[in-house]
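Here is what TrEMBL says about this protein:
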ACT_SITE  Asp330  active site, proton acceptor
BINDING   Lys25, Ser26, Arg30, Ser177, Gln179, Asp330, Lys357  3-phosphoshikimate binding site
BINDING   Lys25, Gly104, Arg132, Gln179, Arg361, Arg403  phosphoenolpyruvate binding site
DOMAIN    13-436  domain 'Enolpyruvate transferase'
Amino acid sequence: MRDNSRIIRPAGRPFNGEITVPGDKSISHRAVMFGAIAKGTTRIRNFLMGADCLSTIDCFRRLGVQIDVEAAPGQVTVHGRGLRGLKGQQEPAVSIVLDTGNSGTTTRLVSGILAGQDFPSLLSGDASLNTRPMKRIMEPLSQMGARIRSVNGNGCAPLAIEPGQLHGIHYTTKVASAQVKSAILLAGLYADSPTSVTEPALSRNHTELMLKGFGADVSSIINEDGTATASIRPCRELFAQDIVVPGDISSAAYFIAAALLVPGSSLLIKNVGINPTRAGFLSVCRDMGGDITLLNERQAGGEPSADLLVKHSSLHSVTIEGGLIPTLIDELPMAAVLAAFADGTTVIRDAAELKVKESDRIATVTANLRAMGCDVTPTDDGMIIRGGKSLHGAVLDSYLDHRIAMSFAVAGLAAGGETRIRNANCVDISFPGFYDYFN
Ligand SMILES: O=C(O)C1=C[C@@H](OP(=O)(O)O)[C@@H](O)[C@H](O)C1
Ligand SMILES: C=C(OP(=O)(O)O)C(=O)O
């Protein structure tokens, strides 16, 4: 079997200079999805060619959409088929089978779209994806009139979706999840009356921003009690857009952390998306004492971006909780590693969602931090990290979770001795070429 381990050695020199990181995963997924169901040709620049986004392209190609991956890096052209132009199997009773790979975003958002089609479909992913909870979308979509069922009756994919007449609902979600919100809003495009979703705190709002650009009648408000409501009206058509995808702040997080941890570093990370619903990692790093300056702030398609100048800093502990959690949910493994190197005790709470990602990230972060000598206690909704002790290199596993592999590659830079990360290639899910950047 091919050795899929990576050895990480302590950084011998500072992280200096200028880099760009690949395009934002969430925005890349949405650009293809909305382009596919819009009228006209959507041109995407700086698309993320990560495995998850390629799963989205693959699904829509199977649904009859021509999608050209151009020779110029990151350029993708989507020849939209209109809101009601997706194609199922020729035999109307036979389901079209879509492979969503490792991608929760693909599975949940595409389910919202498929609920509104007049053909049956079956969505299934890899072993990890097929253990992730799907009741959270099945329940609201069913309330809207969708006929969606977990084939194995365990609330997970494979999901079978039959044609159904959709109507608008108001739905209150238990967790702040952009995937759940987006699945409902996308189904709402096909409903016969308006749909709205209230979530306990605002989750990433790329769907709302981009759908507006495509011509949908969508609005959102923050309520007085801190909950957030997004609403959408049924739609006759969406219209193609040109989308420029900003760099992914979730990918930038590894290099922000590396520059903060490695003495003497001064790193400029150019063109990073800083949408406030995604930028919690920046505020947490700054609260820890991290020296991060935003330069050249600008907007494209409603999405703000900036260049980030990050300098080595001595870090101290923080508490990460509440409404901040959805704004850095994917960066929490990296934040936990930073906390291990920071003075004092960091508490992460209100983050039970970590348990239902590509791995149980409370368990996998705890296991790897402990292997490196960190004193960490997992809790039901987060962890308590007693930082400030020097960590040592160790043999770690990614648990086939890209975020775990990358977070602990950074840990390996700042620890003493050699770190081996097993199953390291899973970084391709969101950051192809990640290790080349390190080298
Ligand atoms: O909508 C999205 O693009 C995403 C939403 C988040 O998931 P949840 O909606 O489950 O929180 C995040 O973890 C995932 O990486 C991408
Ligand atoms: C949770 C993630 O993605 P998804 O839910 O799309 O699989 C992630 O990228 O960290």
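From the backbone N, Cα and C atoms, a Cβ is placed for every residue, glycine too.
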Practice task
Find the one among the recorded positions Gly104, Arg132, Asp330, Arg361, Arg403 whose C-alpha lies closest to that of Gln179 (3-phosphoshikimate binding site).
Solution key: Gly104
Exercise for the section: Tell me which binding-site residues (Ser26, Arg30, Ser177, Arg361) have a Cβ under 6 A from ligand 2; sequence order is fine. Expected result: none
Practice task
Looking only at the domain 'Enolpyruvate transferase' (13-436), report the model's average pLDDT.
Solution key: 98
Completion exercise
Once DSSP output is merged into helix, strand and coil, Arg132 (phosphoenolpyruvate binding site) belongs to coil
Handout entry: Site diameter for phosphoenolpyruvate, Å, by largest Cα distance between Lys25, Gly104, Arg132, Gln179, Arg361, Arg403
Key = 19
Handout entry: Arg132 (phosphoenolpyruvate binding site) as reference: those recorded positions from Lys25, Arg30, Ser177, Asp330, Lys357 with C-alpha within 10 Å of it
Key = Lys357
Exercise for the section: Fill in the CA-CA distance, Ser26 (3-phosphoshikimate binding site) to Asp330 (active site, proton acceptor), as an integer in Å. Expected result: 11
Practice task
Would you mind reading off the Cα separation of Arg403 (phosphoenolpyruvate binding site) from Asp330 (active site, proton acceptor), to the nearest angstrom?
Solution key: 7
Practice task
Going by Cα-Cα distance, pick out whichever of the recorded positions Arg30, Ser177, Asp330, Lys357 is nearest to Gly104 (phosphoenolpyruvate binding site).
Solution key: Lys357
Practice task
Compute the C-alpha separation of Lys25 (3-phosphoshikimate binding site) from Asp330 (active site, proton acceptor), stating it in Å without decimals.
Solution key: 11
Completion exercise
Distance filter, Cβ under 6 Å of ligand 1; input binding-site residues Arg30, Arg132, Ser177, Arg361; output Ser177
Practice task
Enumerate same-chain residues with a sequence separation of six or more from Lys357 (3-phosphoshikimate binding site) and a Cβ-Cβ distance below 8 A; give 'none' if the list is empty.
Solution key: Gly104, Arg132, Asp330, Asp401, Arg403
